[in-house]
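Undergrad: Could you have a look at this structure, given as structure tokens, before my questions?
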Amino acid sequence: MAEKITRETSLPKERSSPQALILGRYEMGKLLGHGTFAKVYLARNVKTNESVAIKVIDKEKVLKGGLIAHIKREISILRRVRHPNIVQLFEVMATKAKIYFVMEYVRGGELFNKVAKGRLKEEVARKYFQQLISAVTFCHARGVYHRDLKPENLLLDENGNLKVSDFGLSAVSDQIRQDGLFHTFCGTPAYVAPEVLARKGYDAAKVDIWSCGVILFVLMAGYLPFHDRNVMAMYKKIYRGEFRCPRWFSTELTRLLSKLLETNPEKRFTFPEIMENSWFKKGFKHIKFYVEDDKLCNVVDDDELESDSVESDRDSAASESEIEYLEPRRRVGGLPRPASLNAFDIISFSQGFDLSGLFDDDGEGSRFVSGAPVSKIISKLEEIAKVVSFTVRKKDCRVSLEGSRQGVKGPLTIAAEIFELTPSLVVVEVKKKGGDKTEYEDFCNNELKPKLQNLTADDVVAEPVAVSAVDETAIPNSPTISFLPSDTE
């Protein structure tokens with residue numbers, strides 16, 4: 001939805017009276033902000049004690065305004081762009097009168113408020129710009145274009161990290177017309193690109209890059225590059241690219257800005273060119289993360305936690321794979337027993353009954369049945385990962401394989417989870433959690449399936465499973481494995 005949420009600053013910190021829980025688990029707190037169609041409240045999950053922000057949307061107003069399609073698109077976009085520098089959508093709920101967006105609560109407020117106090121130091125501005133570019137690049141790789149980037153839509157968490165918010169004006173790649181361009185006029189005047197003003201068609205990726213350039217200028221200068229009391233005069237300056245960098249801007253920064261605020265979108269920097277720029281690269285680290293149990297997990301944080309215990313082993317492990325170094329070394333008590341599948345699980349695994357695609361955008365996957373021990377299956381997955389230089393993460397009977405190469409849609413990430421079918425049979429479900437679909441299919445066909453086909457369990461005879469929902473050809477009479485096709489194959 002394209003409305004502006006106004007922050008409330010004068011409301012009391014505590015609620016004057018207790019309220020009923022929203023859908024049984026959220027305790028509503030103070031009003032954080034409001035717009036034409038929605039109000040945003042601070043809330044607390046009474047089960048986890050976690051603070052969240054809940055956007056409460058008036059259904060009647062949305063219906064009258066014809067904005068249902070906007071709501072659906074915003075939900076779809078927020079589900080698609082899960083990144084440490086993007087405000088996360090946890091869940092969506094609805095009643096007869098209201099729609100609730102349960103979102104990450106970002107405590108630090110708008111970046112705009114920080115810039116309003118004066119220009120930032122170069123290293124601070126660079127950090128925010130790096131995080132902004134990381135987030136926007138991630139969005140574009142998934143076919144999402146923000147189209148309203150500005151400091152008011154950039155929030156800061158308690159650790160001073162940037163979070164991109166407000167995807168109400170965002171577009172997705174399937175909205176592109178036959179000419180390969182977008183045609184909707186949107187955005188905030190001071191941050192809008194010249195080609196949008198021309199009202200001809202525009203490349204939304206290049207429009208976001210222009211906005212990032214304006215934001216960088218504002219962070220470093222403390223004021224807008226294109227400013228005039230008269231809006232039409234400001235538009236003329238934008239269209240002509242008329243701006244001056246202050247004397248305290250370094251030569252490197254000035255050159256970068258000239259490429260970001262290039263009026264010709266064909267000559268404007270692309271994201272790969274930005275990330276190769278010398279000013280941008282200072283102190284930059286690629287953000288590595290993965291999604292587990294519906295939560296974002298930072299790879300760097302895991303490494304730091306393990307660095308003390310691993311430090312003394314570095315010399316002796318120099319010849320070992322990097323996979324072993326990154327993998328958690330907690331192996332007390334052996335592997336737990338896999339979760340057992342009930343009849344409903346087995347039915348959902350059968351072709352035509354798998355509903356996971358309704359909830360998971362990256363639902364591509366395969367399943368196979370094996371009579372081999374869980375430890376042997378996990379070892380085989382680790383072996384495959386080692387050959388292709390993938391990082392391995394293990395938790396109980398789940399294994400995550402993460403590629404090091406930054407593909408078109410980020411690094412390829414594959415999750416494998418093992419379930420108990422019978423005392424001597426397990427089902428292994430393999431899914432793509434991130435990265436390009438073609439790259440995933442190549443990996444499965446050339447690496448995963450050929451190597452797993454040879455997997456056997458010593459001295460184990462698999463017993464038949466009398467469940468009609470499972471394809472008979474998928475139940476082996478020997479310890480060898482057999483792939484069950486998923487609904488995406």
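In case you wondered, yes, glycine gets a Cβ from its N, Cα and C as well.
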Undergrad: Pick from Lys55, Lys59: which one does Swiss-Prot list with Leu32, Gly33, His34, Gly35, Thr36, Phe37, Ala38, Lys39, Val40 for the same ATP site?
TA: Lys55
Undergrad: In Swiss-Prot, one of 76-105, 106-135, 166-195, 406-435 is tagged region 'Activation loop'. Which stretch would that be?
TA: 166-195
Undergrad: Do you know which of 333-362, 363-392, 453-482 Swiss-Prot annotates as region 'PPI'?
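TA: Checked against Swiss-Prot: region 'PPI' maps to 363-392.
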Undergrad: Between the Cα atoms of Leu32 (ATP binding site) and Asp148 (active site, proton acceptor), find the distance and write it as a whole number of Å.
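TA: One finds 21 Å between the Cα atoms of these residues.
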Undergrad: Taking helix as H, G and I and strand as E and B in DSSP, count the residues of the region 'PPI' (363-392) in helix, strand and coil.
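TA: Secondary-structure composition of the region 'PPI' (363-392): 14 helix, 8 strand, 8 coil.
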Undergrad: Once the DSSP letters are reduced so that anything not helix or strand counts as coil, what is Leu32 (ATP binding site)?
TA: strand
Undergrad: Looking only at C-alpha atoms, tell me how far Val40 (ATP binding site) is from Asp148 (active site, proton acceptor), rounded to the nearest Å.
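TA: Each residue's Cα considered, Val40 (ATP binding site) and Asp148 (active site, proton acceptor) end up 20 Å apart.
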Undergrad: Pick the one among the binding-site residues Thr36, Val40 whose Cβ has the fewest other Cβ atoms within 10 Å in this structure.
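TA: Each of the binding-site residues Thr36, Val40 was scored by Cβ atoms within 10 Å; lowest is Thr36.
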Undergrad: Helix, strand or coil: which one is Asp148 (active site, proton acceptor) in, per DSSP?
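TA: In the DSSP reduction, Asp148 (active site, proton acceptor) maps to coil.
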